[in-house]
């Protein structure tokens, strides 16, 4: 079933807003890490090590709702809210968010929105990382960097996307499911069945 209900739309909007605030906070964290690494010649990796955090809402939303567009739209909402909150990245952040969401969405679309296993969630994080990196080659000027540095940055971003967006996103979502607050959504219903099966 692909038709959205009001409850799902509201949850997606709430997650987009909440993670927009979290994303803005991590922009400051990334700046701090960059400043720490710059004296060692590793400044370009300051944001890369935590880049996966900026994909996490797409994985969490898709994992909970399990419908086409969940990853893409939630990430785009987060980007738009960040702009409204005064993100230094400016309006183009919405385009960046859309591209990141598209990368994550591709992983779920590849399974026809039927598989939300750990591997698929990790693939979604990797997809967002790859899509954002290709966009960054031109938008952020990465194309001017040396190939060894560029390759290293890509590897770090992909790992960050897999670990932070994919695995951490999965863990956070499942802890929410444990509380019962997601019982009205696809993941919550699956969680309830698992608990009942274990109890029987």
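A Cβ is built for glycine as well, from the same backbone N, Cα and C atoms used for every other residue.
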When TrEMBL is consulted, the range among 101-119, 120-138 described as transmembrane segment turns out to be 120-138
Per TrEMBL, the transmembrane segment among 69-93, 144-168 spans residues 144-168
For the transmembrane segment (45-65), the candidate among 9-33, 120-138, 144-168 having the most Cβ pairs under 8 Å is 144-168
Contact set of the transmembrane segment (120-138) with the rest of its chain, CB cutoff 8 A exclusive, min separation 6+ beyond the ends, reads 51-52, 54-55, 58-59, 62-63, 71, 75, 95-96, 99-108, 110-111, 153-154, 157-158, 160-167, 169-170
